[in-house]
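Feature annotations, reproduced from TrEMBL:
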type	residues	note
DOMAIN	50-331	domain 'Orn/DAP/Arg decarboxylase 2 C-terminal'
BINDING	GLU239, ASP275	substrate binding site
Amino acid sequence: MTLQTIHTPSYVVDEELLIKNLEILKHVMDETGCRILLAQKCFSMFSVYPLIGNYLNGTTASGLFEAKLGKEHMGGETHVYAAAFREDEIDEILEVCDHIVFNSFSQWERFKEKALKSGKECGLRINPQCSTQEGHEIYDPCAPFSRMGITKEQFREELLEGISGLHFHTLCEQNSDALVTTLEAFEEQFGPYLYQMKWVNFGGGHHITRDDYDRDTLIKTIKQIREKYEVEVYLEPGEAVALNAGTLVSTVLDIVHNGMDIAILDTSAACHMPDVLEMPYRPPIIGGKLPGENPYTYRLAGPTCLSGDVIGDYSFEKPLQVGDRVIFCDMAIYSMVKNNTFNGMNLPHIAWKEKNKDSITIIKEFGYMDFKNRLS
Ligand SMILES: *Cc1c(COP(=O)(O)O)cnc(C)c1O
């Protein structure tokens with residue numbers, strides 16, 4: 001199978017592109033001695049966890065289910081952070097995870113006895129209240145009234161006994177200059193406590209595998225922190241692991257006209273690429289440009305009954321025809337982990353393109369029962 005013949009819609013993840021990212025991350029690990037984990041909330045294609053585990057130190061999770069998946073399929077270190085842990089899950093979380101990061105001192109006090117008895121590493125998420133991003137507030141943990149992490153004002157030095165690490169996560173698709181700015185704020189407020197810690201976790205949002213990412217600054221910064229405080233440094237990127245490593249292949253089902261040409265695809269923004277609507281953002285398309293740049297402009301839209309199920313306006317060199325393929329790029333991340341079956345839409349198949357092979361293999365197919373099983 002090829003991109004031109006595969007069932008649509010399908011997510012197709014490319015081994016060669018994934019390895020390219022993993023090698024960059026490995027280079028950062030080798031240069032600095034830091035440890036890097038896959039943030040599974042971004043990319044949970046567990047069939048490739050063994051490959052990722054050859055490069056990275058393990059996984060991080062947003063709760064029990066992701067933690068179990070990471071432990072089962074990648075192994076290595078299993079970390080977990082949640083805004084709040086549930087009483088009825090904490091025993092299993094402590095069994096599965098090596099590092100548990102609490103979001104507040106009240107959560108820490110609630111679970112401290114159990115956590116310390118389990119012998120696992122316990123950490124606290126800090127909120128350095130240093131926003132370095134503009135535009136999408138829903139992705140800014142340092143935005144006003146954020147529930148993510150402990151602020152300086154809420155910090156309680158007297159409760160640190162048993163805590164072996166501090167964690168912050170404040171970035172989203174950012175370069176290393178934003179990390180430097182964040183670390184200045186972090187050190188100013190929490191630096192003194194870091195001397196008594198074993199580790200510090202810089203969270204995710206580091207766009208390390210993007211072409212223009214300044215990796216020298218990242219490497220220098222990690223080394224400085226490791227030496228100054230004598231701590232292990234963890235990074236837990238999601239996006240950087242699978243950035244630009246996969247596509248979503250779709251087919252044109254119909255073309256209608258209402259003030260402009262509108263192509264209805266067999267993939268949906270609402271169901272299969274919700275970040276296009278939530279973030280929002282415009283995914284690149286192979287052969288598609290900005291409206292008007294090529295002679296034929298179309299609005300690309302999904303087949304659901306949500307009027308706003310629109311991916312965006314794109315222009316093409318030739319007119320689109322029913323049956324043509326439209327291939328969306330950078331669709332490995334925050335796609336299959338977020339998709340849904342609204343309108344009874346099927347989920348895209350998940351496929352894998354092996355390195356040095358032309359053909360693509362479908363790893364998982366979905367159907368009616370996947371829709372039905374989530375309902376009653
Ligand atoms: C989302 C998240 C990550 C991964 O972020 P990316 O932007 O995908 O790199 C890591 N850690 C925490 C705590 C997160 O919430």
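Just so you know, glycine gets a Cβ as well, placed from its N, Cα and C.
Unlike curated records, TrEMBL annotations are generated automatically.
The shown structure was predicted, so the numbers you read here are calculated from the model rather than taken from an experiment.
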Using DSSP reduced to three states, classify GLU239 (substrate binding site) as helix, strand or coil. helix
Helix, strand or coil for ASP275 (substrate binding site)? Use DSSP. helix
Averaged over the domain 'Orn/DAP/Arg decarboxylase 2 C-terminal' (50-331), the pLDDT of the predicted model comes to 97
